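Asker: This is the structure I have questions about; it appears just below.
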Amino acid sequence: MGPLAAIRIRQIAFIPATMLFLTYWYTALGLWCTAGIIWLTLYTHFLITHVQPVVVLWISALLLGLGYGAITCLSRFGTVVATLIYIAIITLTGVSLAYLFSGGATIFVIVGIMFSLNALFIFYLNISSGLFRPLIFMAVSGIIAAIVVNSLVASSTLVWIVSMLTVLVWTLITALEKSTLHGYARMLYHSEFSSLSRCALFGALTLYLGIINAVVTLCRYIILMILEILLSFRS
């Protein structure tokens, strides 16, 4: 094996770890920005004084539609478009959650800490290899972050429960999207227009939109189930 081939193999093995590091950091930044928008919206009482409940419902519907549409055709976007979509989804999520659940800021801070810790450990300890070890660390670090943050801010019981569930759900989503993240890493070698930052941004959007995609899929199955039940009564 020649030296160039050896360097190439080393790069292929190293790129996914580097991309995961950036992906988790971009995800953490998006989550923290969402928490900031929630806090700013609540602090300024913007929704209470300027926005009607029906507007918030339309914003939530727009968020679900935009999120589901983005996740289905994400690889077609350029870096600038993907960044604008990320900012729009972060803003819509923050405004919606500020009205629907005020404890969302605490939860998004916790999950952001979870992803940032995983990014640091991937960078310094290179634990991105394998499947179960990184995900177990993600779940454990998220639970510890939830305990520490909720204790510091004296969160309500509901926020405690929702934060723990959110940590576990986002860990599960990360496990389910593992092949998608590696697919973005392979784009670095199959597309001359792909860069590490672009693929990492796609990965962050995939993880951020994972819950939205899950909610839309669940709603779709529920609607189809209701329609089947109604049709069975009519037949």
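For all residues, glycine too, the Cβ spot is worked out from N, Cα and C.
Among the features that TrEMBL reports, transmembrane segment is placed at 12-42, 54-74, 81-101, 107-127, 134-152, 158-176, 196-223.
Are these features on the surface or tucked inside, and what are their neighbours?
Answerer: Same-chain neighbours of the transmembrane segment (107-127): 17, 20-22, 24-25, 27-32, 34-35, 38, 97, 133-134, 137-138, 141-142, 145-146, 149-150, 159, 162-163, 166-167, 170-171, 207, counting only residues six or more beyond its ends whose CB sits under 8 Å from a CB of the stretch.
Outside the transmembrane segment (134-152), and at least 6 residues removed from its termini, the chain residues within Cβ reach (under 8 Å) are 106, 109-111, 113-115, 117-118, 121-122, 127-128, 159-160, 163-164, 167-168, 170-171, 174-175.
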Asker: With a Cβ cut-off under 8 Å, give me the same-chain residues at least six positions beyond the ends of the transmembrane segment (158-176) that come close to it.
Answerer: 101, 103, 106-107, 110-111, 114, 131, 135, 138-139, 142-143, 145-146, 149-150, 207, 210-211, 214
